[in-house]
Amino acid sequence: MTPRQDDSKEDEKDGESNRLLPSAASPSSDGEESEEAAYEARDKIAIVDVDEIPGSADGLPLDYVPPFSWKKLWMFTGPGFLMSIAFLDPGNLEGDLQAGAIAGYSLLWLLMWATAMGLLIQLLSARLGVATGRHLAELCRDEYPDWARLILWFMAEVALIGADIQEVIGSAIAIQILSRGVLPLWAGVLITASDCFMFLFLENYGVRKLEAVFAILIATMGSSFAWMFGDAKPNGKELLLGLLIPRLSSRTIRQAVGVVGCVIMPHNVFLHSALVQSRKIDPKKTGRVQEALNYYNIESSIALLVSFVINLFVTTVFAKGFYGTKQANSIGLVNAGQYLEEKYGGGVFPILYIWGIGLLAAGQSSTITGTYAGQFIMGGFLNLRLKKWLRALITRSFAIGPTIIVALVFNKSEASLDVLNEWLNVLQSMQIPFALIPLLTLVAKEQVMGVFKVGPVIERMAWAVAVVVMLINGYLMIDFFVSEVKGLLFGLLACSGTVAYLSFIIYLASHGGVFASRSSSYGVELSKQNSIDGN
């Protein structure tokens, strides 16, 4: 073969890759190099073909997907476990313990299916990041006009601050437990904030080092709550029935809403689409992109299975110890350790400290991932190119200030902290549509995803999950506002805010062509059916 024929063949391959892949996945032009990126090229982990003979890949088609390799799965392992930490944050643990104490084992089936719904959304987030080479916040910056982009950024920041307050307060409660009350809540907040910078410092030594720290924290959570599970000895038959038989009563509806509402965190949807870019993938080779998607799907599924088991441990421990007791309705994150100590006593390893260690690991890990998410959200929406430490300082400061105020004001009142937690849950629930609608709009766009756009079945499933989650969180908001909002002025403000809120949601859905795509897909199916009938 002549050199000219070689060049011609290379041009054909490049043309094919440009046609099959979205333009966003193509190498950046000189003008785009100044844009914010989730990871610098030098920071990305190279994926080595460990089982491949050097040079054997030459001449393979662009859509060639290498065979499965356990070693390569290990190379891709990391982002999914960082993502899974949002399913294990102190807010989720509080939802678990309240569900167990009030509903017993009856909501375990809902916890399982809620985790599965969360998995679907997170897989789509990872798909978006891998297929386009950009994360959700960056793509929103290009997709929407400036006014809508800024509203989306503000909403994402509000959701992140709400989650961060819960996570930092959770860590501070754990520190207070482990110090036997010597360190007050505000001191725990300051320790948590400083620890966050210490852990993020590890990123300078490579992404894998940071992922190893998270692996240790998840293992600490798993070990602590597994110890509690073994110590409590829950009823195995009741546990199995709770998983397999759906049961729901009017008395447990609030806990059911909490279980489903906690599985999708707005900032986590943004985070996962950025984390998957920590691996170096050749965007010109559709086979390599598909390979990355396959490994990330496996890794994320395993990570959320681990998170489900940990949540299961917490729920069943409190179901065994407190279901049907007078303490069930008053138990919360602040006093859970005290109730556990009274119920199960001390022993060689007192359950109070085991709970404190697990809660501390949950709070610390979720706080770090929250800071991580804040960097990507701010950088992506605003296209800010800042040094990592400066981005971490800015995003951390957004949450630490309000959190210290909360710690000082609510330090002596458990009831006030519970009310605050309800407000924060509602705040985050309100932001869910502003992460889900852009995500589901973008993954179904061929201009954005190329050949990796989701098919109609997955798209319908994802929208069904999104609608269910938004309706459930809508119920939570309505229930909360009906019970908490008093007076004509507050009522008018709530009504005006609701109109503006729903109007923006409708705008996002219509901007993405959601309504149009539904009618056009129906029209295509109808015309196909008519042609078949005519023939």
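Quick reminder: no glycine exception, Cβ is built from N, Cα and C everywhere.
Pulled from TrEMBL, these are the features on record:
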type	residues	note
COMPBIAS	1-17	compositional bias 'Basic and acidic residues'
REGION	1-39	region 'Disordered'
TRANSMEM	108-130	transmembrane segment
TRANSMEM	183-201	transmembrane segment
TRANSMEM	213-230	transmembrane segment
TRANSMEM	302-323	transmembrane segment
TRANSMEM	344-362	transmembrane segment
TRANSMEM	393-411	transmembrane segment
TRANSMEM	423-443	transmembrane segment
TRANSMEM	463-482	transmembrane segment
TRANSMEM	488-509	transmembrane segment
Recorded stretches the transmembrane segment (488-509) and the transmembrane segment (423-443) touching, at least 3 CB pairs under 8 Å:
yes
Report, as numbers and ranges, every residue of the chain located at least six residues beyond the transmembrane segment (344-362) whose Cβ falls under 8 Å of a Cβ in that stretch; write 'none' if there are none.
85, 88-90, 93, 170-171, 173-175, 177-178, 217-218, 220-221, 224-225, 227-228, 231-232, 321, 333, 336-338
Who are the chain neighbours of the transmembrane segment (302-323) in space, where the CB to CB distance is under 8 Å and they lie at least 6 residues beyond its ends?
80-81, 83-85, 87-88, 92-93, 96-105, 107-108, 111-112, 115, 118-119, 122, 218, 221-222, 225-226, 228-229, 232-235, 238-239, 331, 336, 339-340, 343-344
